[in-house]
Amino acid sequence: MVTVGVLALQGDVAEHLSALEAGGARAVAVRRRAELDGVDALVIPGGESTAMSRLLEALDLAGPLAERLSSGMPAWGTCAGMVLLASQILDGRADQRALAALDITVRRNAFGRQIDSWEEDLRITGVAGGAFHAVFIRAPRVERVGEGVEVLARSGSAPDGPIVAARSSRVLVTSFHPEVGGDHRLHRLFVDMVDEAA
Ligand code: GLN
């Protein structure tokens with residue numbers, strides 16, 4: 001069984017841990033270097049990407065995390081986590097670190113402020129069994145995907161609507177909060193990606 005960490009600096013850590021367990025992984029919270037060293041993969045939850053970026057630096061986790069990612073550790077970033085994993089951040093802070101695990105350009109707060117949060121039923125490539133009820137909270141969106149990055153879902157019904165989920169073989173990003181609502185299909189998809197990489 002693979003061990004998946006959840007970066008526990010901000011956000012819905014407990015919900016991700018239980019969804020990962022339901023998806024078939026051993027799940028552990030990661031706050032320290034030694035904990036990061038012990039996981040096969042990492043989920044970076046939502047929260048506030050500039051604050052999380054600063055916390056990563058303050059806890060001396062930014063460097064080790066960047067190293068694990070560049071050596072191919074699978075990762076899943078949800079919302080603020082997606083911003084952190086991107087190769088380019090639009091509307092970020094000047095000192096905000098892009099971990100560049102996935103070749104995408106992300107726009108922070110692309111849909112407006114907190115009040116512009118919404119819920120939507122999405123069709124997600126690779127997630128069988130009907131629509132996924134997605135909760136968007138001050139969500140970022142993907143404005144460009146590089147080679148080898150597959151678009152999994154778009155918001156709205158237009159074929160060129162905003163990209164809200166994408167993946168490479170090892171890295172998954174979602175603009176929304178998949179840990180709320182008790183639907184564990186995306187956690188299962190990620191655990192399958194980790195199994196395949198192992
Ligand atoms: N827009 C926020 C950021 O830039 C993310 C919001 C969220 O994670 N719910 O970090």
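Any Cβ shown, glycine's included, is placed from N, Cα and C.
Caution: TrEMBL annotation is automatic and unverified by curators.
According to TrEMBL, the feature L-glutamine binding site maps to Gly47, Glu48, Ser49, Arg108, Ile137, Arg138. Ile137 (L-glutamine binding site): 18 other CB atoms within 10 A of its CB, across all protein chains.
Residues within less than 8 Å, Cβ to Cβ, of Cys79 (active site, nucleophile) and separated from it by at least 6 positions along the same chain comprise Pro45, Gly46, Gly47, Ile137, Arg138, Ala139, Pro140, Thr174, Ser175, Phe176, His177. Positions annotated as active site, nucleophile by TrEMBL: Cys79.
In the three-state DSSP scheme, His177 (active site, charge relay system) falls into the coil class. If you look up TrEMBL, you'll see His177 (among others) marked as active site, charge relay system.
Here TrEMBL flags Glu179 (among others) as active site, charge relay system. Sequence-distant neighbours of Glu179 (active site, charge relay system) (same chain, six or more apart, CB under 8 Å from its CB) are Asp12, Glu15, His16, Ala19, Pro45, Thr78, His187, listed in sequence order.
Excluding Gly47, Glu48, Ser49, Arg108, Ile137, Arg138 themselves, the residues of that chain whose CB lies within 8 A of the CB mean position for the L-glutamine site are, in sequence, Gly46, Cys79, Ala80, Val83, Asn109, Pro140.
Counted over every protein chain shown, other Cβ atoms within 10 Å are most numerous around Ser49 among the recorded positions Gly47, Ser49, Arg108, Arg138, His177. Checking the recorded positions Ile137, Arg138, Glu179 against ligand 1, the ones with a C-beta less than 6 Å from an atom of that molecule are Ile137, Arg138. Across Gly47, Glu48, Ser49, Arg108, Ile137, Arg138, which the record gives as binding L-glutamine, the greatest C-alpha separation is 13 Å. Under 8 Å, Cβ to Cβ, and six or more positions away along its own chain, Glu48 (L-glutamine binding site) finds Gln10, Ala80.
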